[in-house]
Amino acid sequence: MSITQWPTSERPREKLLREDAHILSDAELIAVIIQKGVRGCNAVELAREWLNHLGGLASLLNADFHRLSGLRGLGKAVYCKLKAAAELQRRYLRQSLERKGQLGCTQDAQQLLYAQLRHHESEVFACLFLDNRHRIIQFEKLFYGSINQASVHPREIIKRALYHNSAALIVAHNHPSGVPDPSQADRAATTHLKEALALIDVRLLDHIIIGDRNSFSFAESGLL
């Protein structure tokens, strides 16, 4: 049944206008973005089909075009709409924390870094440069590939910290496997980096590993 044949009170766009976006299901929100379905399948049904096939919203928004192109109704135009929506969410979160200024807690950093790194399908190592009041100066993605002592170059991180006149920083990388448990290489790289930064009086506040649905904090776990 076409959405236009639904009672007005049940249509996603009308529900959003009448109340707010937070009351809509994931499928309904996607339907608002894509606007139309395909023959015999309305936008909500189509979105629900994609979510069921991929295992949820995160998998849908993080997948590349090659993976999504086999789903019916998901062409280049729809893919671009979904990617744009996901990127807007990441930028909104980042700018909200930047306007807030000081990072109030580890959870603030985890929330920001999760949004920035979760969607990558290979490992990415990033730095959040902070001033002496733990206000965000800059966020940068520095290294790509397997994260270990050989691939994470303290010299480059030190150079960027000095450039930003940073007093402290938080580093993070993602685990594409979805499991955020630290490896021995993660532990060794963290220790090596902490010692290198101490030589220029820059504090390493945390190393956060981003998983599929949660994250791991070296600081919270007493490993820093």
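Backbone N, Cα and C atoms are what each Cβ position is placed from, and that goes for glycine too.
Counting every protein chain shown, the Cβ of His173 (Zn(2+) binding site) has 26 other Cβ atoms within 10 Å. Under the heading Zn(2+) binding site, Swiss-Prot lists His173, His175, Asp186.
In this model, the domain 'MPN' (102-224) carries an average pLDDT of 87. Annotation source Swiss-Prot lists domain 'MPN' at 102-224.
Sequence-distant contacts of the motif 'JAMM motif' (173-186) (same chain, six or more residues past either end, CB-CB distance under 8 Å): 117-118, 120-126, 143, 146-149, 207, 209-216, 218, 223. If you look up Swiss-Prot, you'll see 173-186 marked as motif 'JAMM motif'.
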Taking the Cβ of His175 (Zn(2+) binding site) as the centre, count every other Cβ atom within 10 Å, in any protein chain shown.
20
Using a 10 Å radius around its CB, how many other CB atoms surround Asp186 (Zn(2+) binding site)?
22
Summary of DSSP states over the domain 'MPN' (102-224), given as helix, strand and coil counts:
37 helix, 36 strand, 50 coil
